[in-house]
Amino acid sequence: MFVSVAYLGDIALDEEDMRMFKVDRIVNLAERTVTTDTNNTASHRRKRAATSRSERVWPEGVIPYVISGNFSGSQRAIFRQAMRHWEKHTCVTFIERTTEESYIVFTYRPCGCCSYVGRRGGGPQAISIGKNCDKFGIVVHELGHVIGFWHEHTRPDRDDHVSIIRDNIQPGQEYNFLKMEPGEVDSLGEVYDFDSIMHYARNTFSRRMSLTVASECGDSLQESSGNLSSPGFPNGYSAYMHCIWRISVTPGEKIILNFTSMDLYRSHLCWYDHVEIRDGFWRKAPLKGRFCGDKLPEPIVSTDSRLWIEFRSSSNWVGKGFSAVYEAICGGEVKKDNGQIQSPNYPDDYRPNKACVWKITVAQGYHVGLTFQSFEIERHDNCAYDYLEVRDGNSENSPLLGRFCGYDKPDDIKSSSNQLWMKFVSDGSVNKAGFAANFFKEMDECSRPDNGRCEQRCVNTLGSYKCACDPGYELAADKRSCEAACGGFITKLNGSITSPGWPKEYPPNKNCIWQLVAPTQYRITLLFDVFETEGNDVCKYDFVEVRSGLSADSRLHGKFCGAEKPEAITSQYNNMRIEFKSDNTVSKKGFKAQFFSDKDECSKENGGCQHECVNTFGSYSCQCRSGFVLHENKHDCKEAGCDHVVNSVSGTITSPNWPDKYPSKKACTWALSTTPGHRIKIAFNEIDMEPHLECAYDHIEIYDGRDGKAHSLGRYCGTKKPQPIISSSNKMFIRFFSDNSVQKKGFEASHTAECGGRLKAEVKTKDLYSHAQFGDNNYPGASDCQWVITAEKGYGVELIFQTFEIEEEADCGYDYMELFDGADTKSPRLGRYCGSGPPEEIYSAGDSIVIKFRSDDTINKKGFHVRYTSTKFQDTLHSRKK
């Protein structure tokens, strides 16, 4: 970066800059009266003391910038706010640096708050925002130097406007008040601006709290209280005196002026000697009063934060003169269309035990808009100590819009009427910098009949409005009309993407590419909420393509089209590429998808897990392979018992240590149980065990019951997958055995619940449910189940319905349950039921009854729960018990 050899206040100087100043120049101590530009207002920015050298002007007014990583989020926000401030009032543009050779760097230098004037060229140049420099006004000031402005008080014509009182300057800081050579500064024909952001503050490099820029008599008073008096008071004033005092306090405060003594020459209308008070910052402000004689005026209260006091004498009449004291008072009624409200003593710390109430009223038919430039009030969870309260109306009983404290700027506020009520309170302890806020009259431009001349959406903002577009569209060059848009480079951790034109049909001939990038070690998951494009399995016409990586040839997750939503997709890396393409024919609704990013702790050293690391959203967990359990340290695995009880409706079972080789001399069992009235189905996904013709060595054996004493359904080994195996009841038992010789990979099998089957009715009551997840979920669509319940010879079957809720239809043509009085569906039908179902109790005429249950693929209900038992009471067949 450019190396500085000295500093002029907050300006970094190189050797060339040093030659612009004459160090031996003497600053004049007594000059003429302070005057101010009568056309200058706080709402307009004026040209200032700018560099006259063209090579220091930023080309096209574009200033690239970089913010160092050591600044906090709130500091970065202030920097950007200050840059936007300059952009709003000038033609300057700030952009984040990409490849530009010359650019500024927000950093922290030993100089504290300092920067170069204008563009240095040849690489980066520093703008130092050191400790206590991260205030909005200070950053705006430093950016003024970057743009090319010198200090206002270094203008060559400075002495025509102000005097510098040397006694108030800190020793060794006199050089900060030197003037520049006329050839180095272009004042652009503008008058001297006392209120310029490029002017030093009142206490910069001063011994006391006022670095007076003074007239021959009078003063600029900026403290919250003080006093003033005519020259020579109380010993009399001289003839032909002309003195001006300007009192300026924090915006939002008012000034109360009390005369403590008055002894001036009396004349008609106070034409000769007089003291004149004006309600503002200059001589043309509204007149509050002109006073002479010896009568004390009533206390005078300003309507704003400034008073102009002018004293003139025209005679040698000897009187004591006058004296007065003033004090800043906060709060009050503010009736104007725009202005500023600040905490007392801002930007210095507010004082303890203050209570200020502002009642803001703008013109009828408007709302009050309130925006905060800075905010720093003692922090508390409930804002119990110091706080700012804002209410939607004109009293403390109006609806509360917010009670604020801490260091986060409140969001912009808009009242529902033309009035806003504000209250600031500080207690007796901690004091902070306070707040600064602008208020203005606000109207809803979007409520006009032409919708703000926006084609699609009009978005009202405080003080203005902007046009916006529906998802899938973007603003055209005219900033009012919209055109189809899609794709982009996205670094957010989560969000959503939609096809162009969503939720309307996407336009033809679109090719959109989204590149999602998350931080290192993160993975991105994509979930489709809606999916509908032209096409079928071939995806030749319109499609969505998802890849891990950013290039068109990176790993493909899938190419999707049609009306079936893709499953959730998780990237292999920390980036994902999503491409949507439509041809020039059929258009559909398109898609809407959500994406979220999560750190994959398992990607580094397996998360420290001995066996398996499972990434979860926001965390991770270690898991052990079959036959092992997790150690107390939650990372290691230790060998465990191998007898398992499985009650889940579906799942997977594996051999110990799967997918690695199973250990020798291992005996494991699984006792599977599912919902009563359902059977268990085992399907092998993979099997690789020591082969043998009779599976005498390593093997897996399946039993049709609760333990190894039940009927064997088969013993398996080798590598040939068996056909799916189904139990006859809701119990199944599986045993795995390995000897001490050959070890193989083992097996992986899935188990599910199957409805239907043959059931045995006994004296003891048993349960039967319509579906395996009864009570947790409605029955599934496309169910087709049949149960045959048989009692021992000489007994009948009794059905007792506990719950019955099936889709209702007049003929039970959709979902239904059918009962047959026999061992198959050719037996006499007892009835077809839906809605609220059959009688509570049903009896068979013989020893068997068939229950058939079917559902279509639309409406699903709770289902049914029936208890069955065997009974000899057959004289009340097919009817309800009395």
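Just so it is clear, glycine is given a Cβ too, placed from its N, Cα and C backbone atoms.
Residues annotated as domain 'Peptidase M12A' in TrEMBL: 49-271.
In the structure as shown, the Cβ atom of Cys111 (disulfide bond) sits within 10 Å of 17 other Cβ atoms. Feature annotation from TrEMBL assigns disulfide bond to Cys111-Cys133 (among others).
Other Cβ atoms within 10 Å of the Cβ of Cys114 (disulfide bond) number 23 in total over all chains. As annotated by TrEMBL, disulfide bond applies to Cys113-Cys114 (among others).
A helical conformation is recorded for His141 (Zn(2+) binding site) in the three-state DSSP classification. Annotation source TrEMBL lists Zn(2+) binding site at His141, His145, His151.
Residues or ranges marked as active site by TrEMBL: Glu142.
Taken from TrEMBL, the feature domain 'CUB' covers 217-329 (among others). Counting residues per DSSP class in helix, strand and coil order gives 3 helix, 56 strand, 54 coil for the domain 'CUB' (217-329).
Within the model, the domain 'CUB' (330-442) carries an average pLDDT of 90. What TrEMBL lists as domain 'CUB' is 330-442 (among others).
Under the heading domain 'EGF-like', TrEMBL lists 442-483 (among others). Residues 365-371, 412, 414, 498-503, 506, 590 of the same chain lie 6 or more positions beyond the ends of the domain 'EGF-like' (442-483) yet place their CB under 8 Å from a CB of it.
Taken from TrEMBL, the feature domain 'CUB' covers 486-598 (among others).
Across the domain 'EGF-like' (598-638), DSSP helix (H, G, I), strand (E, B) and coil residues number 7 helix, 17 strand, 17 coil. The feature domain 'EGF-like' is assigned by TrEMBL to 598-638 (among others).
The domain 'CUB' annotation in TrEMBL covers 642-754 (among others).
Annotated domain 'CUB' per TrEMBL: 755-871 (among others), in sequence order.
The residues of the domain 'CUB' (755-871), classed with DSSP into helix (H, G, I), strand (E, B) and coil, number 0 helix, 57 strand, 60 coil. When Cα-Cα distances from Cys111 (disulfide bond) are compared across the recorded positions His141, Glu142, His145, His151, the shortest belongs to Glu142. On the backbone, the CA of Cys113 (disulfide bond) and the CA of Cys133 (disulfide bond) stand 6 Å apart. Put simply, of the binding-site residues His141, His145, His151, the one whose Cα is nearest the Cα of Cys133 (disulfide bond) is His141. Cα of Cys114 (disulfide bond) to Cα of Glu142 (active site): a distance of 7 Å. Cα spacing between His151 (Zn(2+) binding site) and Glu142 (active site): 10 Å, rounded to the nearest whole number. A sphere of 10 angstroms centred on the C-beta of Glu142 (active site) encloses 24 other C-beta atoms.
Most other Cβ atoms within 10 A: among the binding-site residues His141, His151, that distinction falls to His151.
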